[in-house]
């Protein structure tokens, strides 16, 4: 009797373990929108021309693990303002896609560029603060930024 129950429960247990093994990796995966926020949003601080800002932020935001990310931009505006860019001027992305949008107004940003000769694991960045229009790629529901495409100067 106990053996029969075990034989019935064993396939069920195997099925549950297979489903958990298939679902679990996707549970911990960062969404593109969350990745955008981690890599590009720094709403809580004002633009900082401190020369160590990029070195600290690139490490803190996990962009120097396994390699040095060559270029990154942080936006110092409220998240809702950056999300609203997805409903502003539509432009073509650098890769030719049609899901990019340019901000109507300039935003405070910090550009981080890997310094010449800098090599992993000693990633060193040049910090420069600017006021620029940003261009972001948007997707999803809700429609939100998932990629920082560029920053451009005011054309006036």
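Numbering starts at 1 and runs along the chain as it is shown here.
Just so it is clear, glycine is given a Cβ too, placed from its N, Cα and C backbone atoms.
Here the structure is a predicted model, which means the values were calculated and not measured.
If you look up Swiss-Prot, you'll see 1-28 marked as signal peptide. Annotation comment: Swiss-Prot describes 35, 38, 69, 70, 71, 72, 73, 94, 113 as substrate binding site. Among the features that Swiss-Prot reports, active site, proton acceptor is placed at 40, with the record citing similarity to another entry. For 50, 62, 104, the entry in Swiss-Prot reads N-linked glycosylation site. What Swiss-Prot lists as disulfide bond is 54-112, 68-123, 86-138, 93-100, and the listing cites similarity to another entry. Marked as active site, proton donor by Swiss-Prot: 147.
Residue pair residue 71 (substrate binding site) / residue 104 (N-linked glycosylation site) shows a Cα separation of 24 Å. Of all Cβ atoms in the shown protein chains, 15 besides its own fall within 10 Å of the Cβ of residue 113 (substrate binding site).
The closest partner of residue 147 (active site, proton donor) among the recorded positions, by CA position, is 100; the full candidate set was 100, 104, 112. DSSP gives residue 93 (disulfide bond) a coil state; it is part of no helix or strand.
In the three-state DSSP scheme, residue 112 (disulfide bond) is classed as strand. The recorded positions considered are 35, 40, 69, 147; of these, 35 has the fewest other C-beta atoms within 10 angstroms of its C-beta. Among the residues 35, 38, 69, 70, 71, 72, 73, 94, 113 said to bind substrate, no two Cα atoms are farther apart than 22 Å.
The sparsest Cβ neighbourhood within 10 Å, among the listed recorded positions (68, 71, 93, 112, 123), is found at 71.
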